[in-house]
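See below for the structure under consideration.
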Amino acid sequence: MSDSHLTAFDKASKAGFIIALGIVYGDIGTSPLYTMQSLVENQGGVNQVSESFILGSISLIIWTLTLITTIKYVLIALKADNHHEGGIFSLFTLVRKISPWLIIPAMIGGATLLSDGALTPAVTVTSAIEGLKAVPGLSHIYQNQTNVIITTLVILIVLFGIQRFGTGFIGKIFGPVMFIWFSFLGVSGFFNTLGHLEIFKAINPYYALHLLFSPENHRGIFILGSIFLATTGAEALYSDLGHVGRGNIYVSWPFVKMCIVLSYCGQAAWILANKHSGIELNPFFASVPSQLRVYLVSLATLAAIIASQALISGSFTLISEAMRLKIFPLFRVTYPGANLGQLYIPVINWILFAVTSCTVLAFRTSAHMEAAYGLAITITMLMTTILLKYYLIKKGTRPILAHLAMAFFALVEFIFFLASAIKFMHGGYAVVILALAIVFVMFIWHAGTRIVFKYVKSLNLNDYKEQIKQLRDDVCFDLYQTNVVYLSNRMQDHMIDRSILYSILDKRPKRAQVYWFVNVQVTDEPYTAKYKVDMMGTDYMVRVNLYLGFRMPQTVPRYLRTIVQDLMESGRLPKQEQEYTITPGRDVGDFRFVLIEERVTNARQLSNFERFIMQTKASIKHVTASPMRWFGLQYSEVTLEVVPLILSDVLKLPIKELVPVEDSEA
């Protein structure tokens, strides 16, 4: 890692400041749309709140943002970057060598982040469109919630529909729009507080603690379920670290926090001034002069779309990382933008669209969605805390300090989890079921991979070098291909899957000029692209280890083309002159990739549980991307061969021959 790269990552700039506003803070920046509304409605309405309730609520919000977002994520988690990348899977790659069980919190955290995030577009866009109820001239239309739902669904259809084309063309406006959004939050909130400056007493944590145990708080500790809505975007802040750099987050977060806090204070001041008016509108929109509300709704809708876009892009990145870490099935990934960071996964896109649309149709109002929102993200934060503890110890923090610090955050987040648990019966069960389904898929995929590693037999390539040379020179066999390439998941030193040698020598002897054995290894660094070659003392057998970062596409032919050129230029691989070609001077022959698919047999070594794992994994494979697409082989010559999973199972089954009995009269 060069000093210049490190400096750029930690350095802030004006452009980086604006970009960070558009990428990092969409979720947490749109929380003022619905957080105060949730608090007031759960208390029984505007006319049921008191000054002490409002002060306590604002104090709880301020200190939640301070403890969780500022201290845990901005000051601690942002230092846990994996070569400038953040997020729970990046954090896991930093600590996974410490203990194999750490894969569990990583899978749970990733699954809950994905499941709860599916609600973000629904709740933010619906909340923004519901603001039209407060707009003179449009209120009579949008008092009918069906019209709100239709408008929301149209926006979601467009939003998810444009993902396949890339969002770079609209991404350029995200930063400026969010700058206007946060500026409006801050300015409007400040002017609303001018008549009730006592609201700033909420900075004192006494009011927060007092409200939790006050009889004026009708919900008791469960009020924290609504308070938590203010900080649900903190995990996304960490996940987007690699997109904007640590320095830009350090500089932009104080501005964002100030604007958000002023917005909450402004809404609180409006509530205090209008608690006897009987107005039951969302405080966020009601606190703005009526003539400005249509512009505010437009701005809020744009902010909601930007927040949703950040969530969708984050989900693609999260799934992509999980696939490369071999804890999630392979799905087709495309790159519609000009950079690797802008990716698109069609299956995930439309699953997210289906879940989001069903959420809108099932819950109908943002108030009902808020009742289910936030439960799963508390689990994500707890899992991040577990991984952070091991990271701090690994980096040299005294164990007692790491344990105490993370125990404090775990306690705070566990209290939020308990407070949010009531949401399970109000729709949170849907999010939990989705999270459990994702965890189940991750577990099956990970466990299936471990079972294969446990049972598949490996052989030493050196023991078969002579046979392969004889086959190469045996003109009795037709030339199968100039270059035959085998992709192996397991290749250590000269040991290789028995199924590959079985394919070359036994199934149908494959005569070629050069045999390639390629193994792709995913590294902890996000953007690594390196390789290591072993010619095994020959010019016809090549072992290639590709080391690719967990965010790099695994398009093997592109890398192999470069490797072949390097080997020929260095004289390690003979040139393959072509007699017939449309490319003058072409000295590289044709290639065929052989993919071996291992299928479960009734092998005796497998326990019933292991057989269930492998059969379930095989079922999941039917809806996933083929290895041919995953490795970028769709434009290459490919042969798919099926072999039984357990080639080492040679136990003889008992069977007797029936011998005819001679006729007694003969």
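Cβ coordinates come from backbone N, Cα and C, glycine included.
Swiss-Prot annotations:
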- 16-36: transmembrane segment (TRANSMEM)
- 58-78: transmembrane segment (TRANSMEM)
- 98-118: transmembrane segment (TRANSMEM)
- 141-161: transmembrane segment (TRANSMEM)
- 165-185: transmembrane segment (TRANSMEM)
- 221-241: transmembrane segment (TRANSMEM)
- 253-273: transmembrane segment (TRANSMEM)
- 299-319: transmembrane segment (TRANSMEM)
- 343-363: transmembrane segment (TRANSMEM)
- 373-393: transmembrane segment (TRANSMEM)
- 399-419: transmembrane segment (TRANSMEM)
- 424-444: transmembrane segment (TRANSMEM)
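Looking at 58-78, 221-241, 253-273, 343-363, 424-444, the range that has the most CB pairs within less than 8 A of the transmembrane segment (373-393) turns out to be 221-241. Contact between the transmembrane segment (343-363) and the transmembrane segment (58-78) is not supported, since fewer than 3 Cβ pairs fall under 8 Å when only residues 6 or more apart in sequence are counted. Note on the transmembrane segment (299-319): residues 22-24, 26-27, 29-30, 33, 87-89, 110, 113-114, 117-118, 120-121, 124-125, 127-129, 131, 155-156, 159-160, 163, 167, 171, 174, 177-178, 180-181, 184, 233, 236, 239-240, 284, 328, 331, 333, 341-345, 348-349, 352, 551 of its chain, located 6 or more positions outside it, place their CB under 8 angstroms from a CB of the stretch. Distant neighbours of the transmembrane segment (399-419): 67-68, 72, 76, 221-225, 227-228, 375, 378-379, 381-382, 385-386, 388-389, 392-393; these residues of the same chain sit at least 6 beyond its ends, with a Cβ under 8 Å from one of its Cβ atoms. The list of residues near the transmembrane segment (424-444) in space but at least 6 beyond its ends in sequence, with Cβ under 8 angstroms from a Cβ of it, reads 107-108, 110-112, 114-116, 118-119, 322, 327-329, 355, 359, 362-363, 368-369, 371-373, 375-376, 379, 613, 616-617, 620.
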